[in-house]
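Enquirer: Just passing along the structure, written as C-alpha cells.
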Amino acid sequence: MSSLEVVDGCPYGYRPYPDSGTNALNPCFISVISAWQAVFFLLIGSYQLWKLYKNNKVPPRFKNFPTLPSKINSRHLTHLTNVCFQSTLIICELALVSQSSDRVYPFILKKALYLNLLFNLGISLPTQYLAYFKSTFSMGNQLFYYMFQILLQLFLILQRYYHGSSNERLTVISGQTAMILEVLLLFNSVAIFIYDLCIFEPINELSEYYKKNGWYPPVHVLSYITFIWMNKLIVETYRNKKIKDPNQLPLPPVDLNIKSISKEFKANWELEKWLNRNSLWRAIWKSFGRTISVAMLYETTSDLLSVVQPQFLRIFIDGLNPETSSKYPPLNGVFIALTLFVISVVSVFLTNQFYIGIFEAGLGIRGSLASLVYQKSLRLTLAERNEKSTGDILNLMSVDVLRIQRFFENAQTIIGAPIQIIVVLTSLYWLLGKAVIGGLVTMAIMMPINAFLSRKVKKLSKTQMKYKDMRIKTITELLNAIKSIKLYAWEEPMMARLNHVRNDMELKNFRKIGIVSNLIYFAWNCVPLMVTCSTFGLFSLFSDSPLSPAIVFPSLSLFNILNSAIYSVPSMINTIIETSVSMERLKSFLLSDEIDDSFIERIDPSADERALPAIEMNNITFLWKSKEVLTSSQSGDNLRTDEESIIGSSQIALKNIDHFEAKRGDLVCVVGRVGAGKSTFLKAILGQLPCMSGSRDSIPPKLIIRSSSVAYCSQESWIMNASVRENILFGHKFDQDYYDLTIKACQLLPDLKILPDGDETLVGEKGISLSGGQKARLSLARAVYSRADIYLLDDILSAVDAEVSKNIIEYVLIGKTALLKNKTIILTTNTVSILKHSQMIYALENGEIVEQGNYEDVMNRKNNTSKLKKLLEEFDSPIDNGNESDVQTEHRSESEVDEPLQLKVTESETEDEVVTESELELIKANSRRASLATLRPRPFVGAQLDSVKKTAQKAEKTEVGRVKTKIYLAYIKACGVLGVVLFFLFMILTRVFDLAENFWLKYWSESNEKNGSNERVWMFVGVYSLIGVASAAFNNLRSIMMLLYCSIRGSKKLHESMAKSVIRSPMTFFETTPVGRIINRFSSDMDAVDSNLQYIFSFFFKSILTYLVTVILVGYNMPWFLVFNMFLVVIYIYYQTFYIVLSRELKRLISISYSPIMSLMSESLNGYSIIDAYDHFERFIYLNYEKIQYNVDFVFNFRSTNRWLSVRLQTIGATIVLATAILALATMNTKRQLSSGMVGLLMSYSLEVTGSLTWIVRTTVTIETNIVSVERIVEYCELPPEAQSINPEKRPDENWPSKGGIEFKNYSTKYRENLDPVLNNINVKIEPCEKVGIVGRTGAGKSTLSLALFRILEPTEGKIIIDGIDISDIGLFDLRSHLAIIPQDAQAFEGTVKTNLDPFNRYSEDELKRAVEQAHLKPHLEKMLHSKPRGDDSNEEDGNVNDILDVKINENGSNLSVGQRQLLCLARALLNRSKILVLDEATASVDMETDKIIQDTIRREFKDRTILTIAHRIDTVLDSDKIIVLDQGSVREFDSPSKLLSDKTSIFYSLCEKGGYLK
C-alpha cells in the first residue's frame, strides 16, 4: 500500500506511522485510539454510574435521584460547568469536521468525537452531579478519562506544532480554529482533572452522615493506589517531629476489625475440628483466602509485566542497530521507551497494591491467631497448664504467630517464584530456542540436593523452636521469682542456666542452621550462572544465528528476573519449613485438652428450689487429665478395672467424692494437712478438672450448682497490674455505698490511708508493691464486691494477722453484720475459730473425703480413730479459743436466708453506716453486670499512664527522632568490627565480579555480531564461568561472614548484656515494669536481632551497590544522565526526609503497643482460674481484642507509610529507565553514538534500578525500624544497676557473720524516690543469738524490715550494722549469701529438688537429704517419686528417677502446693550455715500440726543463731527473747514479751488481747 492510498478516508490507512521517514503518528491511528478509549470508559463509567445511583450509604433524602439544593457549593457548580464546556468544545470540533470544505475527514474521527461527546454528556455529567450527593470521593473513571484527554490533547498540539505547517494531513483536524479548540480542551481537561484529584468535596450533609455513623470515608482510586491519603499525617508528623495523638491515626479498613475477623476465623477452625480435619491451613484460607488471592493476582500481573519488558528491550536495541533502524522512525524508539516506562509504573502500582493487600491479610491472620491462642490459654485444663508453661505460650504469641504472618505476607514468593521461573523460561525459549533445555537440566540436577538440605533445615528448625521456648520459659520464671533470686543471691546460677540454654543450645543450633542454609544458598546461587553458561554455550554451539546484543541483553534481563526468583528459593524453603513447624506447634496447642465443665449441672434456682443444697457432689472422681485422653485405647466394656490400671492413682486428683453438700446460706469448711488436696477441691467445684464416676459404677457422677454466680479467692492471691479500685471492681459497675462497705469489712481502710494514692494506687505486676496480707484482703474484697451467691475461699485467713483475721471473720464471714452472712461459703482453712461456726466440716486426706460432720458432733465423738477429731484437736490453739469469744456471731442456719438483712460495719474512726436489705437488693440488681466502662474502647496504653500519681506505672520509654548513631555503633561493636569489614569487602568483590560478568557478555556478543558468527565459544564460556564462580564464592563468603560470625556474635553479646543488666536491676524496676514488657524485649526484639537484621543489612547494601554501579556506568557513557540523576536524588531525599520521621515513630508505637498484649497474656495465664470462676472470659477476650487492635492499627499505618514512599521512589526508578532510553536515542547519528551492546548493557542495569530502589526503600525502612529493636535492647543493657555484687576492697570474712548481732541506726527507707518513707528512723539493737519476733498490723512494715536487711531496699538515711560491719559497705552477694531467709512468697523453680536447694553445688547429697527430712518434705517427695508428676505422660525421663533429690519440679513449682513450697524454702534455710535467719511468715500456708513440727525444728536447729520472725500468729513469737512492734513503719515497742505484756497500755498487750492470746 502506498503512503497516499486512502482507506476509509484515511490517507495513510490505520497503521501507526505514515511512513518510516516521518517522525509523527498517523492521525487515523490517533482517532482509533481515541474511539476505543471512549468505548472503554463508556462501559466502565456506565457500571460506576449505576453503582453510584444504587448506593444507599447516604442520608435518606439522597437515596433516590437527588435534586439540587438551594445552595450548592460554588466550586462544584463551576466543575459541572467545566464538564458542560468540555462537551461544547467537542461539539465545536464535530461542527468543524462536518462543515469542512478543504479536507474530507475520515469516519473514524467523527465516530471518536461522537463517542467522547456521549461519554461527557451521558456519563461524566450525571456522575459528577451524583457524586456530590452520594460519594465521599471522586470517581476513578473520571480521573483516568481526563488524564488520558490531557495526554492526547498535548500530543495533538505538539504534532501540529512540529508538522502542521509542512503537512496538514498529519494533523487530526486542520486549521487555526482546531488548534484553539485543542488548547481549550487541554486546559479544560486539566481543570476537571485537578478538581477531581485535589479539590472535590461532597455535600456537607453526607460528610456529617459518615462521621455520625463512625465510617471512615474511602478515597478515590488515584489516592488509593498512590497513597495520597497518607499525606496529611506524614506532613503533620514531620512538622511536629512526632505523632501528636496516636489515637487519631487513620483507621485501617473494615477487613481489619480484629473482633469480627477473629470470630469468623474461630468459626472456621471449630468447623475444621468438628469435621475432624484439624487443618489450620484450611481455616486460614477460608477466612483470608479472598484477600490473599486478590493481592496475589496483582503481583502475578506485575511479574508477567516484568517478563514482557525484556521483549520491548529487544525491540528497542534492534531499533538502534544501523541495519534495522531505517524500518521505523525515531519516534518509534520514543514510544518503545515510553512503553517500558508505563510497564514499570503499572508494575509499581500493582506491586504496592499487592503488598498492602497481603499485609492486610497477614495482620488479620496474626490478630486472629493471637486472639485464638489467648482464648485457648484461658480454657486449658490444670494438667495442660502444667505441661505448657507461660513461656511456651508467650513464645507461640511472639514468635510462631509472627512467623505465620510473615509466611502469608511472602506467599507471592512461594507461588510467584515458580510462575516467574516458568514464564521466564518460556520467554527465553522464544529468544534462544532449544538451548534453554540446558538450563532446565541444570535446575533439575539441583533439586534433589536442595531437597535433602531442606529436610535437614526443617529438623533443625523444630529443635530451634524448642530451645527458644526453653529460653523464654527460663526468662519468665526468672522474672516471676526475681525477689527470691535476689534474697538468695542466686543471680549467678540463674544467669548460668539462662546462658546455657541460649548459648550452648539455641545459638549453637542456630549456627548449624546457618551452615546448612549457606550450603543451600550457595547451591541456588550457582544455578543462574550454570543456566546462563549452559544456555548461551549451547546457543553458540548449535545455532546458526550469532549471539548478538539484541539476544544477550534481553536474555540477561530475563536471567536477572530468573536470578531474583531463584535467589528467593532458599529463603522461601526456610520460610516454609519454619512456618510448618510453627503451624504444627500452634495446631498442637489449639487441640490441647481444655476445661469441659459440661458435667456440671448449673441451675438458676426458682423460689421452690431455694431449700435444696446450693452445691451437691455425688459419686465423682476428679482427674488431672480427661479420661478420654488417658483411656483412648480402652473399650467401653472394661469399665473399672482397666480404667484404674490405665489411669493409675497418680492421675487421680480427688477420689470418690460422695455425698458432699453445701446448703444455701451455709458455711462449709474443708480441712486437711499440707498437700491433702484442699485447693484442688475448690478448683474441681469450679469445673477446672475433668471427672469420671466414683466407686459406684452404675451411678453417673453428679455435680450440681444451684446458683447463677460464683466468686473464688485463691490461696495465692492473683492481683492485676492495675489500681486497688480496679482490682476490687473487677469489671463490675461501681457502687460507692457497697464499695465502701466492702473495703471496710475487708479491713482495707487503714491500708488505703497509707497507700500513696489511696484506692487509685497502682499495685504493680502481681501486686508486687503490696504485702502478702494486703494482697489476700484485696483478693477477698474482689470476691465480696462481686455479690455472688456462692463463695469458694481458699485459706484466706492464713496471710493476715490475728486481729485482721478476727475482723474478717466477724464483718465478712459469720458475724451478725457480716456481708456474706447469708451466702453459701466453702472455705478451706485450719482456723478453729471459724470451724466452730461452720455448719459442716469435711476432712480431706490424699485427695479423698475421709470424714465429715459439724464441729460439736465431731468433738463429742468418743471414737479415738476419728481422723477429723484428731485434726481439729491439732489445729486448736490459743488464737482460736480467743477469737471465739470476741466474734459476735449467730449460728448460721437455713432459716436466716430469707430474714431481713441489716449490715453494720463499725470502724473506730468513722460513724456507723447501715444498709438495709431493700437498699442492698437495689445495689444487687445490677451488680453482676460488667461495667460499660470496661467494654468501651479506651485510649492507647501510652495515653493511660497518669504521671500525677505517685505510683504511676512507668511508661515504656520511646525515643524521639532518628535512631542515634551510637545504636548502630553498639550493634557493629557487638558483631565485631573485623567481621563487618570483611563482610563489606566480600560484598564489594561480589559486585565487581558481577559487573565483570556483564562486560564479558557485552564483549562476547559484540564480537559475534561483528563477525556474523559464534566463534571461540569454549573460551568465552570458560571465562564467563570462572568470573561467575568467583562472584558466587564471594557472595557466599559474604553470607557466611554476616550470619556465622557477625550476626550470631552480636546476638549472643546483646542477649547476655541485656539479661545481666535486667537481673542486676533493683526491685523498683520490676515493680514499675510489667513482666510482659520485659519478655517482649527477650522474645520479639531479640528475634528481630537474631533473624531479621542480618538479611536486611545484606539486601540494603547489595541494593545500594547495584544502584551506584548503575549510576556510574550509565553516567560515564551518558554524562547528561548524571544531571538527571542529581535531580532524582533531590526528590528521593525530599520524600525520604518526610517519610523517615513518621515511620520511625510508628515503629516505636508498634513496639510499645505489642508489650501490653504480652503483659495481658502473662497476667491472664497466672489468673485464669479467677477469670474462669467469675465467668469473665468475654471481658478479658474483649480487652485482648482491644490491645491487638491498637497494635494492628499502628502496623497498618506503618505499612501504608512504606507503600507511600515505595510508590514514589519506584516511579523515580521507572523514570531512570525512561531517561536512559531517551538519552540513548539522543546519541543516534552523533559522534558519541553508543554501540547496541553498550545500550543493551546500560538498559539492563537501568531496568534493575527500579528493583534496587524498591529494596533500598524497603530495607532502609526495615533497618530504621528493626534497629529500634537494638535500641530497645541497648536501653535494657544500660538499666541502672543495684549496688555492686562484690566490693573487692571490703569483703567480709568467709564465716561472717560469726555472732549474728544486728543494729539498726536511725534507719529510714522508701520503695521509690517519689514515695513516702516506709520505715522511719528505726533504732534497734539485736544481740547475737537472740530470737526476735516482729509483729504489727498487716502493712505495718514487717516484711519491709527484712527487705532492708537484705538491701533489697537501700537506706535513705541511717545504716544497718551486722557484727560490726555496715552492710552498705559490702557487696550484695557477700551480704545476701551470708544471710538466710524463708520468704513470704515461697518460690520454686523448674528443675529438680536438688537444683532448687543447691544451685551452686555446695552441699553433699547427705546434707541435702537431711535438710529435706528436717523440713518434713520427705513424705511428699517420696509420694511424687513413686508417681508421675500430674499431667506428665513421659515415660523415659521420669522412669529413671529413683532419688527424692531428682524429683522433677514444674515451672513455678506448680506441682507443689503453697505449703509444700514453704517447706522447700525451709530446707534451703536449713542448708545455709548463716548465723542470721529471717522467717517472713514462714508457716502461714501449712496446717497447725506441721507448723508446730516446723517451729520445733527451727528452735532445735537454729538455737545458736539470731532469728527474726515475722508472724501473723503471735503465739509463734511469744517465746521470743524480744518483740519488735511496728506500726506505720516505725518501731513503737521493743522489749521482752513478758515486760510488754506486763504493761497493759502497750500495743503488744492490745494485740495479744484482741487476738485472744492472754487466755
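In case you wondered, yes, glycine gets a Cβ from its N, Cα and C as well.
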Enquirer: Swiss-Prot tags one of Ser138, Ser598, Ser679, Ser927 as phosphoserine; which one?
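Expert: Among Ser138, Ser598, Ser679, Ser927, the one Swiss-Prot marks as phosphoserine is Ser927.
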Enquirer: Can you check which of Thr934, Thr1230, Thr1392 Swiss-Prot annotates as phosphothreonine?
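Expert: According to Swiss-Prot, the phosphothreonine annotation belongs to Thr934.
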Enquirer: Of Ser893, Ser1298, which one does Swiss-Prot label phosphoserine?
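Expert: So the answer, going by Swiss-Prot, is Ser893.
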Enquirer: From Swiss-Prot's topology annotation, check whether Ile1157 and Phe29 share a side of the membrane.
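Expert: Swiss-Prot topology: Phe29, Ile1157 on opposite sides of the membrane.
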Enquirer: According to Swiss-Prot, which residue among Ser895, Ser1434 is annotated as phosphoserine?
Expert: Ser895
Enquirer: Among Ser207, Ser582, Ser931, Ser1061, find the residue to which Swiss-Prot assigns the annotation phosphoserine.
Expert: Ser931
Enquirer: Look through Thr761, Thr889 and state which residue has the annotation phosphothreonine in Swiss-Prot.
Expert: Thr889
Enquirer: Take the C-beta pairs under 8 A between the transmembrane segment (140-160) and each of 30-50, 111-127, 973-993, 1118-1138, 1210-1230. Which stretch has the highest count?
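Expert: Comparing 30-50, 111-127, 973-993, 1118-1138, 1210-1230 against the transmembrane segment (140-160), the winner is 30-50.
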Enquirer: Who are the long-range neighbours of the transmembrane segment (334-354) in its own chain, taking Cβ under 8 Å and residues 6 or more past its ends?
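Expert: Residues packing against the transmembrane segment (334-354) from afar: 225-227, 295-296, 298-299, 301-302, 305-306, 308-309, 312-313, 315-316, 319, 412, 1203, 1206-1207, 1210-1211, 1213-1215, 1217-1218, 1221-1222, 1225, 1247, 1250, 1254.
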Enquirer: Report, as numbers and ranges, every residue of the chain located at least six residues beyond the topological domain 'Cytoplasmic' (1053-1095) whose Cβ falls under 8 Å of a Cβ in that stretch; write 'none' if there are none.
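Expert: Residues 391, 394-395, 398-399, 402, 471-472, 475-476, 478-480, 482-483, 485-486, 491, 494-495, 498-499, 502-503, 510, 571, 721, 764-765, 768-769, 953-954, 956, 971, 974, 1042-1043, 1046-1047, 1151, 1154-1163, 1262-1263, 1266-1267, 1269-1270, 1272-1274, 1276-1282, 1285, 1311-1312, 1347, 1352-1354.
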Enquirer: Considering pairs 6 or more residues apart, do the transmembrane segment (1118-1138) and the transmembrane segment (411-431) have at least three CB pairs under 8 Å?
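Expert: Per Cβ check, the transmembrane segment (1118-1138) does not touch the transmembrane segment (411-431).
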Enquirer: Any residues 6+ beyond the ends of the transmembrane segment (411-431) with a Cβ under 8 Å from its own?
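Expert: Hits for the transmembrane segment (411-431): 292, 295-296, 299-300, 303-304, 306-307, 310-311, 314, 354, 358, 439-440, 535, 551, 554-555, 558-559, 561-562, 564-566, 568-569, 571-572, 575-576.
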Enquirer: Apart from its near flanks, which chain residues at least 6 from the ends of the transmembrane segment (1210-1230) lie with a Cβ under 8 angstroms of it?
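Expert: Cβ under 8 Å, 6 or more out: 316, 320, 325, 330, 333-334, 336-338, 340-341, 344-345, 348, 351-352, 1110, 1114, 1118, 1120-1121, 1124-1125, 1128, 1131-1132, 1239, 1242-1243, 1246-1247, 1249-1254, 1257.
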Enquirer: Which residue counts does DSSP yield for the topological domain 'Cytoplasmic' (128-139) in the helix, strand and coil classes, in that order?
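Expert: With helix first, then strand, then coil, the topological domain 'Cytoplasmic' (128-139) has 7 helix, 0 strand, 5 coil.
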